[in-house]
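Sequence annotations record features per position, and here Swiss-Prot assigns N6,N6,N6-trimethyllysine to Lys5. If you look up Swiss-Prot, you'll see Thr164, Lys168, Arg286, His318, Ser370 marked as substrate binding site. If you look up Swiss-Prot, you'll see Lys166, His285 marked as active site, proton acceptor. Residues or ranges marked as Mg(2+) binding site in Swiss-Prot (evidence: sequence analysis): Lys192, Asp194, Glu195. The N6-carboxylysine annotation in Swiss-Prot covers Lys192.
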Amino acid sequence: GVGFKAGVKDYRLTYYTPEYKTKDTDILAAFRMTPQPGVPAEEAGAAVAAESSTGTWTTVWTDGLTSLDRYKGRCYDIEPVAGEENQYIAYVAYPLDLFEEGSVTNMLTSIVGDVFGFKALRALXXEDLRIPPAYSKTFLGPPHGIQVERDKLNKYGRPLLGCTIKPKLGLSAKNYGRAVYECLRGGLDFTKDDENVNSQPFMRWRDRFLFVAEALFKSQAETGEIKGHYLNATAGTCEEMMKRAVFARELGVPIVMHDYLTGGFTANTSLAFYCRDNGLLLHIHRAMHAVIDRQKDHGMHFRVLAKALRMSGGDHIHAGTVVGKLEGEREVTLGFVDLLRDDYIEKDRSRGIYFTQDWVSMPGVFPVASGGIHVWHMPALTEIFGDDSVLQFGGGTLGHPWGNAPGAVANRVALEACVQARNEGRDLAREGNEIIREASK
């Protein structure tokens, strides 16, 4: 007989290994699978493990030149999803050697690059990844992290306040700087470029950077507080992005910004390295995330994108608001907020956390609550997010009937009132509106 047998093979034989004991160095993934009708869950789970690691659809003679057992992904557990008739969570373990060190890009290409178009599946969603210390230690992570940022800004014991400058498109650089100044002068810690403000005909990046820097230093001198504006360095090429970051450093501003999903992880990691080497903080916006994470049964959950960002590097990242959404959503949001800022996060399925994650002292990222929030949400936000967060009010500041500065004052006063009330032991959930009403006098 021939030693090599060609043909299409059953994935289950090689890639479904329920007896496998996961290694401390394995990268683990939890996938929410919806197989096509008639495809058994084990076959689907094995197919996911195969297609995202060493497998191909047929036996090839070159398989004999390597040790599949050493390099293959393994589906080691499958559980049905409660309340869904044909949906399963498949757990896959990947050997560490499948991944390039320090490359989020390669990690994602391997795990989610190919398998999502797989015919035997109707839908697939990466719910969570367990990043082992052996891999996370090959990343430098956030340029500075929560603690260092507080020290640089000299702001402690409260959330930080931000505001996106609106109208996001159409202001001249001079007027844009003016709006920045008003907000910072009124009491905000940060203002922000909108994610789609890059370098358009009505306002070129260099002009904006210059006038914003002027606004920063003026408001800083007048308030005696350190101020920042997230200067968006996102650009069409990595070289252009770096040029903008370098100019920001030359101006002496404290922080720049990047759209990490549209800009890409490779660009983001380069920028994070530059920021670390040059003392710039890095604010990350998640434009495009909903394209990837909005559908429950297909795509990638935001907690995976959040973990990837913490590895790639960023000091702040947008993380939703929680206010006014469903209870369950609140728990899940708090789950990935903790994954961003804590050192050690226990597995907790009620919060959507499928694996215990140990970051081994990789710096944490400030979660940014932003989008449709205003001063009356302040008690809830303070309670939900705690001190280590950035609360961002766009229209909630600039929409103030008296203008930007009074809007900023209102937000700062409300925040200080909520923090004080909490520290005095009052119940923010119950007395929130009363606290704001008193403060507004």
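Cβ coordinates come from backbone N, Cα and C, glycine included.
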Neighbourhood of Asp194 (Mg(2+) binding site), C-beta criterion under 8 angstroms, separation at least six: Thr164, Ile165, Lys166, Lys168, Leu169, Asn232
Those binding-site residues listed as Lys192, Arg286, His318, and which of them has the most Cβ atoms within 10 Å of its own Cβ: Lys192
Between His318 (substrate binding site) and His285 (active site, proton acceptor): CA-CA distance (Å): 6
Secondary structure at Lys192 (Mg(2+) binding site), reduced by DSSP to three states: strand
Cβ-Cβ neighbours of Ser370 (substrate binding site) (radius 10 Å): 23
Distance, Lys192 (Mg(2+) binding site) to His318 (substrate binding site) (CA atoms, angstrom): 12
Cα-Cα distance maximum in Å, computed over every pair in Thr164, Lys168, Arg286, His318, Ser370 that the record assigns to substrate: 17
